[in-house]
Amino acid sequence: QDEEKWDFVLVSDIHEVGSEKETKRKKFLDELSKKGFTIKKIEDKKLFYGVRAPKQIFRKYQWLLRNPDSRLQNPDVHSDIPVTTRIRIVNFILQNTITSDLEKLHDLMKKKVFEAAFPLHEKEEVREFLKEKWARWRDIFCQQPIEKIRCYFGEKVALYFAWLGWYTYLLGIAAVVGLVVFVAGITVFNSSQVSKEICEASNTIMCPLCDQKCPFWLLSDTCTYAKVTHMIDNEGTVLFAMFMAIWATVFLELWKRQRATVVTDWDLYRWDEEEEELAMELINNLQHEPRQYQHSYFRSTIILLLVLVMIALLIGIAHALVIYRVIATALFTQSNSEFLREQANTMAVMTGAVLHYITIVIMTKVNRRVALYLCDLEKPRTFSQHENNFTVKIFTFQFFTNFSSLIYIAFFLGRINGHPGNYVRIAGKWRLEECHPSGCITDLFIQMAIIMLLKQTISNVMEYLVPWIAHKVRKQRLRPKKRSMMLGEEEEAEDPCKRQWLSNYQLGEVNFFSLFDEFLEMVIQYSFTTIFVAAFPLAPLLAFCNNLFEIRLDAIKMMRLRRRIVPRKANDIGIWLQVLEAIGILAVIGNGLVIAITSDFIPMQVYKYTYSPCMMENSTGVDCSTGYINHSLSVFRIQDFEPYTQVPKMLLDLEIKEYRDYRNSDDYSYTVQFWHIFAARLAFLILFEHAALCVKLIAAWYVPDVPQSVKNQFRDRKHSNLRKELRWVMPQRFQ
């Protein structure tokens, strides 16, 4: 039975005898035969070649990479090599076998000599266990069998699922706290003093929101919007932002401990990737010379400039979305529909968010191609280095794709638009958007809610449906040939391997990106969950619900819909850890800026403790935020409007209208209150960020990266090995 186990299957079209493709294929297979590989050919609608490596290759691997601590005790033991290691070695040799034309398998696949190369899903006990106990929707709340995943898919995939499980587990805590903060916000829905003032401001006439056909409006018209804003923008949100900054640090510190425990159990804690790669190079070719480390400042400068150009393009797309919202607001306000006219701003934000999601989907594909091109320019020395370089570039591009528009809404919307009589305009025509009198935080909330919901519904549905439909179509198209074979091929048609190879070929293709895409999706989600969480306390809850499904979705794809992924050895999640730590720092900065700039928290505190009735004598029983809305509005004379703005003649006699800003009524310069609030915002930002970063550092120090049990385990192992070595040496040397 062992003789019928094949390490890899190569698939090729049936080429004409004597054609260039057929010659190249034969040369490659001949090279494998010279290395002692057994090759089996099966013909159907395609040509299938099963390859099995000789045993001495694996013996060489075991000898070169045996545990140095055990060299003296059992130098001749050849234990069975795990299937995952076997596949990894064979894949390395296949990818690095060079034909007499100096072509590798990668080049031959580009030239369509071979169509596919993949390891097989074997009908083994581990696979059946994973299919029944892991890759099923009903197991959504069950613990994952990480050890079994490692035995079937290798350490890299197992560590991904271990990390995702740990992240989801700790997200549960953040989700509960976020939900409590949100529910607490709902309870003050009707009781906020600021909302009451807006709802009662039936005499406060506000400046029009656009130049043409936009009426003057009453502040009380936006009563519901104000209540929603103060449901999100309250003291609880500030505490939650601080909590999430600490949570991000504790999560990473606890993950480092978890990872140390897991890889110690696998005996991989001190595993050296470079040594493994050099060993495999020598097994493949004894004459191999290692590539030297190189660094070119010129090449690095070119790549840096190209990355900056790409970032500028992504920021340009965010600007295009801003222009869309400005024009959409102008068009909605001139619509015949009363609903569109009244909700012009909200509709522009919502349609802008949908458009933003579409740009994310499109630019993700563009970003990948650009990042790959830049990595090829860099000429990295190893696959691991290539992966790290690619990860940093694609994450940078994806970050700007996902967050440029949110950064604009959070920090620039309503702050760079000028004031009545002197508006900032796009192309000298359209006015930039303004913040709602209740603040900009609701716009940020809407944008984040729409993008997160769309990403977690449409993207996940597509992620499952596309491979599922593709699998069904391939299965239908590649049914085995019926008995229309020649007499001599009768026996080959009945080959027991044929059905297995064909069923594996019908599954979806896997490549370098298969696991990478899952990691990238989760890290971008982690960014949404932490960076602007002050504006969207429900983000951890949405992420938690999504991840429960994501774990099983990824499991089903890997076990049932895709070919077997080539196992990779690893003892951590690689450069993703540094990316997550960078996001943790960005989360502190982002949330500090949201509270200081986007939220009305600081202006309200300044009002309460400086200008409010509470600061006057005999103010017992008065809410300290009474009068805040009137204080935050500035007065404008109608006759000072620009010629662009159409004002009914009967209103020209009225003296003043109001708008949200801190400006003097005579020359529209900033008031003392503006500078007071500006100083308070700056002071809060510095204080919040230093406090949060200090807490992060304390948390990182308080929770050791490596558990003491792991350290003790290593010490005991060293002690035991030294004792054995001494016992082995002493009788020979000193007797």
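Every residue number used here counts from 1 along the chain in the order it is shown.
Glycine residues also receive a Cβ, built from the backbone N, Cα and C atoms like all the rest.
What TrEMBL says about a protein is an automatic prediction, not a curated fact.
Predicted, not measured: the structure shown is a model, and the values here were computed from it.
Check TrEMBL against the ranges 390-413, 438-461 and you find transmembrane segment recorded for 390-413. Of all ranges given (570-597, 682-709), TrEMBL attaches the label transmembrane segment to 570-597. Among 157-186, 237-255, 301-327, 347-364, 390-413, 237-255 has the largest number of CB pairs under 8 A with the transmembrane segment (570-597). Residues 163, 166-167, 170, 173-174, 177-178, 181, 185, 529-530, 533-535, 537, 540, 577, 580-581, 583-584, 587-588, 591-592, 594-595, 599, 601, 688, 691-692, 695-696, 699-700, 703, 705 of the same chain sit 6 or more residues outside the transmembrane segment (237-255) yet have a Cβ under 8 Å from a Cβ within it. When the domain 'Anoctamin dimerisation' (84-146) is classified with DSSP, helix, strand and coil residues number 32 helix, 3 strand, 28 coil.
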